[in-house]
Protein chains: 2
Amino acid sequence: MPKYVYDFTEGNKDLKDLLGGKGANLAEMTNLGLPVPPGFTITSEACRGYLREGGLPDGLAEEVETHLEALEKGMGKRLGAAEDPLLVSVRSGAKYSMPGMMETVLNIGLNDESVQGLAAQAGDERFAWDSYRRLIQMFGKTVLGLEGELFEAAIDDVKRRKGVVSDLDLDAADFRGLVDTYKGIVREQTGGDFPSDPREQMRQAVQAVFDSWNAPRAIIYRRQERIPDDLGTAVNIVAMVFGNLGMESGTGVAFTRDPGSGQQGVYGDYLQNAQGEDVVAGIRNTVPLQRLGEIDPESYRRLLEIMKTLEDHYRDLCDIEFTIERGKLWMLQTRVGKRTAAAAFRIATQLVDQGLIDLDEAVGRVSGDQLAQLMFPRFDAGAGRPLIAKGMNASPGAAVGRAVFSTERAKELAAEGEDVILVRRETTPDDLAGMIAARGVLTSRGGKTSHAAVVARGMGKTCVCGAEELEVDAKGRRFTAPGGVTVEEGDVISIDGATGEVFLGEVPVVASPVVEYFEGTRTGKGTDRERDELVQAVDRLMRHADERRRMAVRANADTPEDAARARRFGAQGIGLCRTEHMFLGDRRKLVEDLILAESPEERRAALDALEPLQKSDFVGIFEAMDGLPVTIRLIDPPLHEFLPDLTALSVKLALAGDDATPRDRRLLGAVKRLHEQNPMLGLRGVRLGLVIPGLFTMQVRAIAEAVAERRAAGGDPRAEIMIPLVSAVQELEGVRDDAEKILAETGVEALIGTMIEVPRAALTAGQIAEAARFFSFGTNDLTQMTWGFSRDDVEAAFFSRYLDLGIFGVSPFETIDRSGVGRLMRLAVEEGRASRPDIKLGICGEHGGDPESVHFCHEIGLDYVSCSPFRVPVARLEAGRAALAGGESETR
Amino acid sequence: MPKYVYDFTEGNKDLKDLLGGKGANLAEMTNLGLPVPPGFTITSEACRGYLREGGLPDGLAEEVETHLEALEKGMGKRLGAAEDPLLVSVRSGAKYSMPGMMETVLNIGLNDESVQGLAAQAGDERFAWDSYRRLIQMFGKTVLGLEGELFEAAIDDVKRRKGVVSDLDLDAADFRGLVDTYKGIVREQTGGDFPSDPREQMRQAVQAVFDSWNAPRAIIYRRQERIPDDLGTAVNIVAMVFGNLGMESGTGVAFTRDPGSGQQGVYGDYLQNAQGEDVVAGIRNTVPLQRLGEIDPESYRRLLEIMKTLEDHYRDLCDIEFTIERGKLWMLQTRVGKRTAAAAFRIATQLVDQGLIDLDEAVGRVSGDQLAQLMFPRFDAGAGRPLIAKGMNASPGAAVGRAVFSTERAKELAAEGEDVILVRRETTPDDLAGMIAARGVLTSRGGKTSHAAVVARGMGKTCVCGAEELEVDAKGRRFTAPGGVTVEEGDVISIDGATGEVFLGEVPVVASPVVEYFEGTRTGKGTDRERDELVQAVDRLMRHADERRRMAVRANADTPEDAARARRFGAQGIGLCRTEHMFLGDRRKLVEDLILAESPEERRAALDALEPLQKSDFVGIFEAMDGLPVTIRLIDPPLHEFLPDLTALSVKLALAGDDATPRDRRLLGAVKRLHEQNPMLGLRGVRLGLVIPGLFTMQVRAIAEAVAERRAAGGDPRAEIMIPLVSAVQELEGVRDDAEKILAETGVEALIGTMIEVPRAALTAGQIAEAARFFSFGTNDLTQMTWGFSRDDVEAAFFSRYLDLGIFGVSPFETIDRSGVGRLMRLAVEEGRASRPDIKLGICGEHGGDPESVHFCHEIGLDYVSCSPFRVPVARLEAGRAALAGGESETR
């Protein structure tokens with residue numbers, strides 16, 4: 001039989017799987033000799049047994065009893081004894097904290113007898129009856145599942161009758177009366193009595209914690225966060241200590257350094273004569289932690305000492321909950337504390353300087369997501385514009401524009417060159433065009449998986465959602481904010497996607513110092529200490545990550561300008577240079593000619609006109625990436641993308657009637673001929689190359705001549721030619737043979753490889769590798785085809801619903817879906833390498849800049865990731881972290 | 001060192017891999033004691049070595065020499081000796097016969113000296129010089145690669161100068177002169193002399209056969225037929241015998257029974273004083289083989305004896321090539337002969353009756369393709385309409401209609417209710433609409449992989465292509481046929497897709513007796529012996545296949561009528577009942593209401609109106625399939641498919657201007673909202689069920705109530721509910737939970753399962769099986785997504801090009817692509833079964849009726865295949881054959 005219960009003296013911080021985060025850290029502190037109230041932890045294994053068997057596992061009750069007796073013995077008190085009773089709290093504590101689960105029941109052990117003992121022992125009758133009614137209230141809500149409202153109403157009733165507004169104005173008799181009322185509520189609602197047996201109270205509370213593991217909100221949360229369903233939760237039984245036993249008592253939270261900036265010092269809040277729940281309720285104002293030095297110098301000194309001990313021990317910023325009971329300091333909880341992105345970088349390097357951690361560990365302490373946050377422009381905090389609301393930080397960035405309330409208006413104003421913010425109660429797929437036209441999106445409803453949030457993140461557009469204080473009146477084209485603020489259509493507002501803040505008027509935007517650093521326009525030696533330290537920290541950790549990473553990082557860039565920027569951001573080449581933009585703009589006419597060509601000669605003439613233009617594009621890119629590899633993808637999209645829209649052109653011709661121009665008529669013919677039901681699955685990529693004679697060879701010749709020209713000019717151009725949308729090796733062979741002929745003719749060398757973006761390419765990678773010198777995973781298309789949905793169509797239509805239902809934890813377009821797409825990738829890597837051991841393997845889908853996906857790419861052994869220039873630093877950092885994590889991925 | 005050369009006495013018929021088909025059968029006949037000219041075979045292994053090393057493998061030359069010397073010794077002659085020379089033929093013979101490869105060089109061993117010896121020995125100078133010039137001509141063409149035209153021109157020249165038209169009118173001197181001319185041609189074209197050394201002639205000929213393995217046409221043929229590239233070919237060296245040594249000599253072909261009808265008897269042709277190539281050239285008319293009984297009774301008697309021996313030995317119809325040299329009969333080749341579909345069935349059962357084979361083997365002797373051919377209606381052979389041309393039998397069926405020459409005209413006439421045949425030189429994607437409108441397609445250009453052929457087969461439309469005698473004048477709207485026949489637009493023609501025949505006028509169509517048998521309207525006891533025997537044979541073999549097969553066969557059927565027909569054809573249930581047609585017709589309005597619903601109440605009302613209609617559909621189907629499983633797929637296609645076309649509606653509204661109706665305006669709004677870039681990858685299948693509340697549950701309720709109604713009426717309805725387009729188990733779980741609730745409410749039992757039609761579903765089949773009682777592979781969608789092309793878009797646009805390039809041997813929509821789609825299926829079967837051992841596995845894509853795909857399904861262990869009612873007999877037969885083949889597939 002497994003051991004189901006651990007005394008705090010038996011556990012340690014590394015047993016989170018078994019004891020949960022809270023229990024493991026309580027044990028750790030106990031072993032460090034810190035003043036933790038005695039107690040024990042029931043393991044998550046016991047929970048798993050309970051959930052599996054539908055009842056407490058054999059032997060658990062006995063083991064709990066043994067530990068409880070030991071606790072009673074140690075405390076010299078008995079649980080719920082009539083005189084001087086021992087009281088305990090029951091607290092859930094899973095490995096990962098999880099909203100929706102039962103959290104805590106305090107004051108277990110009180111009943112009509114022991115409440116007297118507590119009163120006597122504390123010398124405070126009011127305190128004792130208040131504690132008792134709190135127990136019934138908490139127990140009723142969380143264990144018995146009653147509406148909290150019922151209890152709130154009863155207490156309000158008492159206050160109203162008494163003519164007071166604060167709980168502080170209620171006396172012992174009032175609380176005693178409330179205890180009776182509460183018992184009545186329990187009886188009425190459940191048909192049974194509130195259990196007076198202390199051990200029964202505890203048993204029910206423990207079981208309620210176990211049951212809450214499967215509360216619907218907890219299940220959905222786990223799905224969304226991809227926390228396995230079978231972990232279970234631990235339960236902590238802790239002797240009660242009271243911060244509400246008078247002015248010499250109190251409760252507080254502390255941080256071992258500033259979680260906002262990373263600054264060293266003492267940060268926290270303290271509230272005299274209170275319990276933790278009072279702090280949360282916000283009835284009274286807390287004081288800064290430093291004031292504790294005046295209120296209780298001895299406890300303060302001891303607290304600082306403990307904070308130092310914990311930080312040295314955990315070698316990281318810790319946050320702490322503590323209670324002082326009549327001058328005696330107790331530690332109720334500690335954990336490694338959350339912090340802002342800037343603080344994370346600064347703290348990591350500070351800890352290195354303090355000798356607590358080495359640079360390897362420091363790199364592990366910061367994340368690509370944090371770095372990305374630091375790269376967004378921010379609003380100038382000192383600008384002093386009025387903050388009118390706060391919603392959820394759904395998609396980062398800082399956006400300023402005129403408020404508009406409909407998609408139509410967003411498009412109109414945007415077309416006039418205005419910046420607009422689309423404001424809606426919530427968005428629907430109908431708002432898609434408006435979201436595209438807007439600089440940012442603000443909604444008053446919905447959370448981080450709402451339609452607005454999901455779509456905005458997909459677009460990389462700033463979004464604040466669920467700003468519930470706002471009343472949006474779309475018909476009236478206005479919204480109102482608290483304090484009588486009304487914003488009419490056309491009024492300028494500013495929204496901060498990183499903080500969820502909404503400001504009236506235009507807030508000046510401040511460039512990111514981290515971006516300035518990458519751009520080379522800022523060093524760590526300026527006049528603003530905080531910024532300088534941040535830049536120094538980023539510099540140091542990036543260099544170290546670069547040193548450690550195994551994977552190269554390239555950029556997706558189509559122009560010399562993007563290529564140059566990517567290089568400044570640390571890109572080691574171009575992993576994806578799309579050639580289709582080279583067919584747009586002024587050249588559209590030539591492409592139309594190509595499509596309208598009715599003879600081989602006409603087609604040839606159109607291609608001949610395009611070739612020198614293509615060549616000059618490539619020359620510029622090779623120049624910007626001199627000495628580094630440039631992977632050029634031959635044209636991929638279906639040709640009709642270069643022609644007018646079928647519906648628009650049909651309407652135009654219908655309205656023009658006999659006056660329609662011959663060219664328009666011919667164009668309509670071509671558009672109809674090339675029209676496809678599903679262009680994503682149509683005539684594109686390598687299929688174009690095989691079906692339209694001369695198209696790919698024109699591109700290859702342009703590349704070869706650009707290489708020759710750069711080489712003649714003393715440059716070091718390194719071209720790689722990439723064939724898109726291959727699904728069978730035979731397709732690739734044909735195109736490769738033609739390309740090799742041209743390369744041989746021009747005396748130019750270039751690797752020829754292929755995208756792996758069609759499931760069949762991955763499934764037959766062993767064969768395809770025989771004809772490909774490199775693979776580049778096109779995970780956008782691969783995700784679309786593996787899941788069978790197109791990003792354009794379904795992301796707006798139902799991703800938010802899928803996230804709500806927990807079908808995805810995160811959109812598979814954001815992070816590689818390991819079980820589906822990832823499985824195909826792993827298979828292609830293994831079989832591709834088996835067939836050609838020196839094959840070069842990379843990724844050029846947008847996942848190449850996503851932290852978790854970068855780890856996955858490292859795990860499966862890719863040689864490089866390629867992403868947008870702006871994400872290059874993120875990919876560098878995460879590639880370093882992945883290498884340091886030793887092949888194991890950090891999924892949270 | 002391997003043995004590279006086998007004397008005919010050393011081989012046997014089972015060594016086809018090594019000796020090729022021809023060599024193995026020559027050896028077999030030799031060992032049977034039949035009169036085969038002596039000779040030996042160089043193995044395909046030698047060819048592989050040659051191709052690998054770029055030269056003859058070590059030891060081969062010596063081994064050939066040894067065998068040649070033995071041959072010389074046995075014959076008492078020396079190769080190319082000046083007096084009484086031994087001559088040999090060099091013939092290629094791969095495992096599978098293959099167009100594009102070098103076939104034969106006769107008369108090897110002749111030169112300026114040995115020609116005299118041959119003349120003396122044969123007593124026929126003309127014969128000797130004719131043989132010599134034939135050698136140079138064949139050698140020049142096939143070994144040296146010269147244009148045959150050059151030699152033809154020279155012989156024509158002689159005839160013109162001499163004023164004769166037939167080769168028979170040339171004498172010894174003429175041929176002697178031609179030998180000189182031919183030698184001159186060789187010298188001029190190659191810069192070298194025709195080799196006079198007999199052994200050098202033989203060496204070069206052998207090498208030329210080896211080289212021809214990699215002739216471009218052979219490579220493409222192998223790709224198309226999926227013959228491995230590394231088999232290589234064997235080469236046969238055979239002592240020459242001459243059928244052209246006077247009227248006591250001759251050559252012929254024989255069949256051991258009629259390959260057209262399967263009738264027992266003697267069938268064949270004979271030509272006196274001729275060699276095989278003369279028969280092919282068709283200069284003189286052959287006589288029926290029976291006449292040989294008068295010409296040379298002894299040889300005829302011996303031939304019949306041999307035919308009996310061969311048929312008993314091979315236990316099958318054999319075809320035979322033989323030569324008689326001055327009264328002595330020689331067997332030059334035999335093989336199991338090709339036959340028509342009807343003959344195949346009749347012969348197989350005849351052989352059973354003769355005790356030569358058992359029923360198991362007989363089932364293996366017929367194929368689903370043959371059965372399918374027998375199920376098409378045919379033209380009445382006795383109708384006597386003029387045959388005006390013959391093209392390729394590109395897509396079977398018999399079509400009658402008015403000739404049209406453009407897509408526009410095809411659509412117009414079809415819209416008026418006329419049957420039309422689209423006639424084009426060749427079709428392009430622009431002709432697609434015309435092909436859809438037509439009953440059949442006729443082209444004068446292109447082969448079986450031409451656009452017309454591929455698309456017509458995909459549509460199941462009758463097609464004759466490459467009828468090269470026709471001159472198609474599309475502008476003049478007419479075509480001309482040989483013999484001055486002109487067909488104008490509107491004239492009626494008839495085309496037979498099974499034979500490639502084109503008739504003028506309307507040919508009466510005769511129903512298939514095999515279909516009548518399946519329908520139960522014909523037995524094998526009629527008045528037409530041939531038909532009766534065919535029906536008896538089909539009946540017997542189908543019964544046996546049914547007895548032997550492991551897989552069940554179901555049908556895809558959406559209506560009670562289809563279900564009833566499928567049942568008559570032997571279906572054991574419905575594998576796919578689509579529910580979307582139930583949303584069409586009169587019900588379109590209700591579906592529009594559903595889509596236009598602006599409130600939950602409106603939506604509910606629309607669903608409530610649909611439910612009883614759905615229910616009554618199901619009742620009818622359960623009745624037709626009483627006692628058998630019916631798998632009902634919940635609605636799959638995107639909703640906008642039930643709305644008008646975006647472009648058409650936009651044009652309509654633009655033209656209507658202010659007069660547009662409000663309903664049209666609302667419809668346009670809905671069409672725009674639901675418009676998708678890639679509907680195949682859009683909001684459909686399970687996604688609809690999750691996003692539109694009540695849609696799936698309405699369908700499940702209709703099913704449950706239909707089951708209850710049928711049961712109350714004493715029926716035995718067996719419903720299976722199938723969820724389409726699942727890509728993650730979470731999707732399925734949600735829908736399944738809702739469905740199970742409804743089933744529980746109505747007290748009805750039904751299996752709930754899913755389609756596996758998205759690659760990710762296959763990749764995560766282990767998980768999905770936890771929520772699915774059955775899998776049904778939707779291989780149409782699975783093929784689209786695995787290859788990344790939509791059937792609608794790409795089949796017409798480039799499949800013919802892909803087939804020409806050999807990228808496919810056959811469209812992956814026709815036969816399951818084993819390496820890609822098949823790999824996913826195999827994986828899903830293994831992991832699905834591992835996770836739920838009793839899971840039911842089937843297929844309901846169109847591949848379920850394709851013979852090779854049925855074998856694949858058997859191999860990977862599916863429980864059933866489901867296909868269109870008409871293909872059910874094909875699937876039954878092939879499932880039986882697959883079981884008899886013991887899990888190994890017959891790929892050709």
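Backbone N, Cα and C atoms are what each Cβ position is placed from, and that goes for glycine too.
Keep in mind it's a predicted model, so treat the numbers as computed, not measured.
According to TrEMBL, the protein carries these features:
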{"type": "DOMAIN", "residues": "B:418-500", "note": "domain 'PEP-utilising enzyme mobile'"}
{"type": "ACT_SITE", "residues": "B:H451", "note": "active site, tele-phosphohistidine intermediate"}
{"type": "BINDING", "residues": "B:R578, B:R633, B:E757, B:G778, B:T779, B:N780, B:D781", "note": "substrate binding site"}
{"type": "BINDING", "residues": "B:E757, B:D781", "note": "Mg(2+) binding site"}
{"type": "ACT_SITE", "residues": "B:C844", "note": "active site, proton donor"}
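Within the model, the domain 'PEP-utilising enzyme mobile' (B:418-500) shows a mean pLDDT value of 89, rounded to a whole number. On a Cα basis, B:E757 (substrate binding site) lies 27 Å away from B:H451 (active site, tele-phosphohistidine intermediate). When the Cα positions of B:R578, B:R633, B:E757, B:G778, B:T779, B:N780, B:D781 are compared pair by pair, the longest gap among these substrate-binding residues is 15 Å. Checking the binding-site residues B:R578, B:R633, B:G778, B:T779, B:N780, B:D781 against chain A with a Cβ-Cβ cut-off under 8 Å leaves B:D781.
Sequence-distant neighbours of B:C844 (active site, proton donor) (same chain, 6+ residues apart, CB-CB distance under 8 A): B:R554, B:N556, B:G575, B:L576, B:T631, B:M755, B:S776, B:F777, B:G778, B:S866. Under DSSP, the residues of the domain 'PEP-utilising enzyme mobile' (B:418-500) split into helix, strand and coil as follows: 18 helix, 29 strand, 36 coil.
Taking Cβ-Cβ distances under 8 Å and a sequence separation of 6 or more, the neighbours of B:D781 (substrate binding site) in its chain are B:M680, B:L725, B:M755, B:E757, B:V758, B:G845.
The least crowded of the binding-site residues B:T779, B:N780, judged by other CB atoms within 10 A of its own CB, is B:N780. Counting every protein chain shown, 26 other Cβ atoms lie within 10 Å of the Cβ of B:R633 (substrate binding site). Highlighted in sequence order, B:L576, B:D636, B:P724, B:M755, B:S776, B:F777, B:L782, B:C844, B:G845 have their Cβ within 8 Å of the centre of the Cβ atoms of B:R578, B:R633, B:E757, B:G778, B:T779, B:N780, B:D781, the residues recorded for substrate, and are not part of that set. Long-range Cβ neighbours of B:R578 (substrate binding site) (same chain, at least 6 residues apart, Cβ-Cβ under 8 Å): B:N556, B:D558, B:R633, B:D636. Following the DSSP three-state reduction, the secondary structure of B:R578 (substrate binding site) is strand. Neighbour count (other Cβ atoms within 10 Å of the Cβ, all protein chains): 28 for B:G778 (substrate binding site). Secondary structure from DSSP puts B:R633 (substrate binding site) in a beta strand. Cβ contacts within 10 Å of B:E757 (substrate binding site), excluding its own Cβ and spanning all protein chains shown: 28. Note on B:H451 (active site, tele-phosphohistidine intermediate): other Cβ atoms within 10 Å of its Cβ, all shown chains, come to 28.
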